[in-house]
Each structure stands twice: as structure tokens, then as C-alpha cells.
Amino acid sequence: MVPTTSSESETKSSFHEVSNAKPQVAVSVLADKKLSANGVTVQTETLTSTATDKSLQNGDIQKLRVSAHREAAISMGQLNGAEYIGINEVRANNAKKVSLLPLIFLIFYEVSGGPFGVEDTVHAAGPLFALLGFLVFPLIWSVPEALITAEMGTMFPENGGYVVWVSSALGPYWGFQQGWMKWLSGVIDNALYPVMFLDYLKSAIPALGGGLPRILAVLALTLVLTYMNYRGLTIVGWFAVSLGILSILPFVVMGLISIPKLKPARWLVADVHNIDWNLYLNTLFWNLNYWDSISTLAGEVHNPKKTLPKALFYAVILVVLSYFFPLLIGTGAVPLERDSWTDGYFSDIAKILGGVWLRCWVQGAAAVSNMGMFVAEMSSDSFQLLGMAERGMLPEFFAKRSRHGTPLIGILFSASGVILLSWLSFQEIVAAENFLYCFGMILEFIAFVWLRIKYPNAARPFKIPGGTIGAVLLCIPPAILIGVVLAFSSIKVMVVSLVAVAIGLVLQPCLKFIEKKRWLKFSISSDLPDITSHGPLLD
């Protein structure tokens, strides 16, 4: 990877085939012309394509167009319908790409990781509303978010993910705000998993309930899993597959054991006058969001234009089933005690249904599930920082990769944030990250619709049907839900979250000032196409 300064505009050539011409035509295009962009002289790239078949049938027409960048650099906010050449098509690095199955389980752990953490929905609203929530909520939120991620992630298949989406539609300032809020939300989210890990083990090891042993356990767990992220995304992906199987298997056994004890009437218990809507909505929202997080790993995926939509489709099914059936088992096979339905209660249900051995198995599954969620989230957060650095939004050192192809500085920054925030309670962490996440999703919806309106003919390997009107309608239900979640936020969470947003608003101009003074080096990776002026997609 050869970086160029952000003030330079690198020129590239693109090939477009028109008509029904055969693809095996020998082409050699050498562009050695110097252009002047904003007073900076730049050298055009030399592109060469070779093929084996030089024959064309009569009547076939091959038109080749070589287009260089415009002579003046254009800001990222002016997309001009640019054709996007994915990072997989242009980057040559030694890191192995992630295939379909590991990608499914990475998404599974980005979003879910199993039913651990859904217990509060029963505590807040009772069995009926908990079950309905995990059937209806995915249709309102998860499916639209997954579809938008599939379209935008294949349109811009690079590690910047949603940062690039928003930058392309609204400009680099708002792209940075998106990156700041999403990264902070992700780090806050990751701080949950050591907490949940220890909550499930503290019944077996009471010393982990608090004090110095708990602090040391959080530090040790964070360090071990951070090292695993450092070793490479492929390892993390297959590690996620293994952990996913281990996390789900005990609930399959629990389901078989519970069949004789199931009483369907228990599923219908509801008390509309005794519902904690804040806890209920925040728990549902937290357990069914973060579908877009996988977009920050798109540059590490094998053939993302095909693999990403498939992985999202299968992951949606896996996530919904992994929530609904354990709740069905727990609420139907055990007498209802709403106050007992808190984080870690599934291990108690396992003991009631199968004995101590099943309880230990569920506790072990919860532990490995939290490990899986931690490594998946940290991968997404750290590669997002790398992607932002490759776009010149962060200092260049964030774009440096380890010998394993991983973003070392991004991993260390994300791990530090996890350690600093792990002292917060479960409910405080969930509420704070949901608030920030909502702001980020609002920007994503705006970017999605705006790109549909302004550039309807841009290349979209996966495109949601329905045109611009369909895009708007798709965003309405989740947008309303965002408003509801924000409305139920506590004053404390709202103030802390707004302060975090304000920091991002000031941080971007400060970084630009640092870049201008050359106190730190910023650069745009030459491996990435210029999405603003690369050339029209469709004439």
C-alpha cells in the first residue's frame, strides 16, 4: 500500500465494455500523461490488461473508454455517480479473505451471540410481549437495516463501511461524525461482554462478583481476546464459527428436555399495566441492531458483492431463531417469576430443567458467546478506524497493519476504551450505546435515501427493489422506532450521549487543523478508488 497525501489527486483509468463484445479481448492501455490538480502535478496510472482470445465475431462491437480524473480535485461529498472498484479488486495484500460461513458467524456475533442478555425483556414486559418483540422487532428494524447494509456495503466494499456511505452522500464532515459515533457506540457495546461473561460465571465462582478479582478478570479477558484480534481476521472468523456452535448447542439439548414440561398458556401471560418500556425497548434494540457493523470489514471479505448479501440473509434467520426458541423454552417450561428474569437467568432455567450439568454447560456457552461477541465487535471497530485513516480522516498511523494484516493501533485504541468503560452497569451501557447508535443510524438512512435520489443509476451489485419511494418507505418504520427509543432514554444517558456527540463535532475540525499544521501525517491510500471523480457509472 503506497499512501499519497490528501492534497494529491491520483488519477486512474477505467474500462467500460459496451454492446455484446466478448470479454477476452486483448487490451493494453498506457496512460502516461501528467495532469495538474489544484497546482499539484500527478502521474496517471498505467493499466494493462491481457487476454487469450483476440477474435471477434462480425457485428460485435467493442468500445473501450479510458477516463482520467478531472483536473481539479473534488470533495468527497460530490459523488458524481462514480463507479466503485472494490478494495478487493485493487488491493494486493497477504491477508486471507473471509469466506461465507465465517462471515455469517461474524455477523451473528456482531448482532447477537445467542440468547444471553434477552432475559430482561421478560422481566420488563412478561412472556407474551417478550416473544412478540423478537418476532415483530426484526421486521421493523433488523430486516431494513440488513437490506440497507447489503446494498450500501456492496456499493462501497471497503473497510470504511458506513463512514464512506455518509461521506459520499453528505460530505467528509458528517462522515467523520458517523465514524465517531459508531466507533464510540461499538466500544461501549464491547465493554458489555466482559461484564456479561463474569455475570454468568459469578454463580459458580462468587469471587468474580466484585472487587479486585473481578477487575483482574476483566483485564485478563480483554488482553487475551485483544491478542486474538491481533492475530488475524480469518482466525477470528473461524473462531466465531466454533464458538457459535458451542453457544447454540446447549439450548438445543434444553429444548428437547423441556418438551414434556411445556405449558403453552404460560406464553400468553401479559400485564400491559406493568411494563417497563425503557428497559424493554432498549433490550430489544440492543439485541437486534449492529447489522451495519460488518460493513467495516467489507474490504477483508472474499468477493463481497456476492458474499455479503448472502451472509446477511442467513445471519438474520440465525439470529431470530437463536433468540425466539430459547425464550419459548424458558417461559413455557418454568413457572413465571418475572423478577428472576435478569442477566444470567438462562443458567438457572437449565439447572431446573436438566440439573447442574446443564447449568454448567449453559454458563460455559454464555462465556464463549461473550468471547465471540467481543472479538467480532473489536474487529469491526478497529478496521473502521483503519478505513477512516485510509480515507485521510484520521492520522496515517491508524492505517498501519501488523504482520498479520490487522490494524494494530485501532485494536489498541478499542481495547483501551473497553477497559475504561467496563466499570459501568449493564443497563447503563446498553442505554448509552443505543442513544449514540440511533444518531448514527439516522445519518445512514439519510445517506441511503439521498444516494438513491441523486444517483439512481449508480452501480449497485445488490439493490433493494422499489426505487426511491421504496427506499423512503423502508426507512420510515425504523426511523419511528429510533424516535421512540430516544424518547424513553433517561436524562443521565441523554446528557452523557449528547456530550459525546458534541466532542465529535469539535474533534473533526481539530484534526483538520492538526493536518494543516502538519503536526501529524494524514494520507489517502492509493489502493482506494476516488469515489468522487472516478468516472460515471452509466451514461
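Including glycine, each Cβ sits where the backbone N, Cα and C put it.
Feature annotation from TrEMBL assigns transmembrane segment to 100-118 (among others).
Taken from TrEMBL, the feature transmembrane segment covers 124-143 (among others).
Feature annotation from TrEMBL assigns transmembrane segment to 155-174 (among others).
Among residues of the same chain six or more beyond the transmembrane segment (212-230), those with a C-beta under 8 A of the stretch's C-beta atoms are 194-195, 197-198, 236, 239, 371, 374-375, 378-379, 382, 402, 404, 406, 408, 411-412, 415, 418-419, 422. Summarising the annotation, TrEMBL assigns transmembrane segment to 212-230 (among others).
Among the features that TrEMBL reports, transmembrane segment is placed at 236-257 (among others).
Summarising the annotation, TrEMBL assigns transmembrane segment to 312-336 (among others).
Residues annotated as transmembrane segment in TrEMBL: 408-426 (among others).
What TrEMBL lists as transmembrane segment is 432-453 (among others).
According to TrEMBL, the feature transmembrane segment maps to 465-488 (among others).
Positions annotated as transmembrane segment by TrEMBL: 494-514 (among others).
The transmembrane segment (236-257) is not in contact with the transmembrane segment (494-514), judged by fewer than 3 CB-CB distances under 8 Å for residue pairs 6 or more apart in sequence. The transmembrane segment (465-488) makes contact with the transmembrane segment (124-143): 3 or more of their CB pairs lie within 8 A, with pairs spaced 6 or more apart in sequence. Within the chain carrying the transmembrane segment (432-453), a Cβ under 8 angstroms from the stretch's Cβ atoms is held by residues 79, 145, 148, 151-152, 155, 162, 165-166, 168-170, 174, 177-178, 181-182, 184-186, 188-189, 282, 285-286, 289-290, 292, 424, 467-468, 471-472, 475, 478-479, 482, 485-486, 489, 493-494, 496-497, 500-501, all 6 or more beyond its ends.
Same-chain residues lying 6 or more positions outside the transmembrane segment (100-118) and placing a CB less than 8 Å from one of its CB atoms are 130, 134, 142, 192, 196, 200, 234, 236-238, 240-241, 243-244, 247-248, 251, 283, 286-291, 293-294, 297, 301, 307-308, 310-312, 314-315, 318-319, 322-323, 326-327, 343, 346, 365-366, 369-370, 372-373, 375-377, 379-380.
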